[in-house]
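Per Swiss-Prot, these features apply:
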- HIS126, HIS128, HIS209, ASP233: Zn(2+) 1 binding site (BINDING)
- ASP130, HIS131, ASP233: Zn(2+) 2 binding site (BINDING)
Amino acid sequence: MVTKPTTPKPPPALGIPDSAYTVDVRVIDTGTLLHLNPSLFWQPPIDGFTGLHAPIYCFLVSHGSQHVIFDLGVRTDWENYAPKIVSIIKATTTVTPGSDVPSMLDEDTSGLGIRSADIGAVIWSHNHFDHVGDVSRFPLTTDLIVGPGVRGVSWPGWPSNPDGIVLDSDVEGRVVREVSFEAGLKIGHFDAMDFFGDGSFYLLDAPGHAVGHLCALARTTANEPTFVFMGADACHHPGLLRPSNYLPLPSASTLAGVLTGPPQCPGELLQQLTLPDEPFFTVAPRMFPDHDAATDTVRKIQELDASDNCLVLIAHDLSLRDKIPLFPKTINGWKESQVKTETRWLFCNDFMPALHHLDNKQGIEEELGKQSSLKCS
């Protein structure tokens, strides 16, 4: 069956105040990979899609001489996390270690010259192990910024608290600031905080996955405003964002040009996995305890994702790994270089094992149908 493309619904206005100020954004991929088990993060299951080994994107945000890091990824010696977290890691995932953010800053030979000692603040999107890194690697002049309620559920950490999920060393001697969204600022439908006070960088309240979960929005150009949205773990796969009624699934022939694999008519096979204007997945309750809030957060991101002027980067998007400029390069020129349009549907290649499975299944069913017809004749 060939599905006709759906007419897209016009996306809503971004609702972002004008500003002449921008920040430089550098995406940091430390090389660490984390296995994502689909049943933990998204639903429904797709036969043949058993998960993936995904990166963890962190971000260096520079506002003139001021530098902050949004998320730190996994520490290289993850066995030195709190014992409770080490047990969870061993039971639920596989970590393929790479480097870490402070090492990449301090060992960079590009001439950029931004070192760990220059970082004014580390921002945790939330307090899960694959985002908190090792804050103690930064000097005590580096503040730690967390979302609402995170201090209360995080500290005392281990070893003061035997059941701690973060470490005491993350905050010993360090200023910890908890973000407030009580000022009433809105970016799109998100409650927001203007981090530098000039409209260049916002922290956004994005609940659902964890207490105090934050996303961020950076203004990357001003004359024609463009933005990078840092989605953290608001969702764990682009298939929760797309297709949407703003970005419907393209034609089978267009998809065939995106997909890399041998099944005949892969675009038509892919169209059987979802409706043309509904995402492949929704968030799974197990890792999104506030399921209603998480679903609403994804809906808000879909509105930004539909804008030609906003590039959405979620933390674990494997499809972008070798397609976007990485540290020490900036990603500010993403629109001019057509990063968004050229990568929008690349994540569908994650489903190639599922398409093989579906192709084989339909081939078997077709053959059984032929045999049944022969017996009846």
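Backbone N, Cα and C define each Cβ position, glycine as well.
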If you count, for each of the binding-site residues HIS126, HIS128, the other Cβ atoms lying within 10 Å of its Cβ, which residue has the minimum? HIS128
If you draw a 10 Å sphere around the Cβ of HIS131 (Zn(2+) 2 binding site), how many other Cβ atoms fall inside it, taking every protein chain shown into account? 23
Rounded Cα-Cα span from ASP130 (Zn(2+) 2 binding site) to HIS209 (Zn(2+) 1 binding site), Å: 13
Identify all same-chain residues not among ASP130, HIS131, ASP233 whose C-beta atom falls within 8 angstroms of the centroid of the Zn(2+) 2 site's C-beta atoms; report them in sequence order. ILE56, ASP71, GLY73, SER125, HIS126, HIS128, PHE129, VAL132, ALA232, ALA315, HIS316
Taking the Cβ of ASP233 (Zn(2+) 1 binding site) as reference, which residues of that chain separated by at least 6 in sequence fall under 8 Å from it? SER125, HIS126, HIS128, HIS131, HIS209, ALA210, HIS213, ILE314, ALA315, HIS316
Suppose we draw a 10 Å sphere around the Cβ of HIS209 (Zn(2+) 1 binding site). How many other Cβ atoms does it contain, all chains included? 23
Protein Cβ atoms within 10 Å of ASP130 (Zn(2+) 2 binding site), excluding its own: 22
DSSP says HIS128 (Zn(2+) 1 binding site), in three-state terms, is coil
I want the residues beyond HIS126, HIS128, HIS209, ASP233 whose C-beta is within 8 angstroms of the mean position of the Zn(2+) 1 site's C-beta atoms, in chain order. SER125, ASN127, HIS131, ALA210, HIS213, ALA232
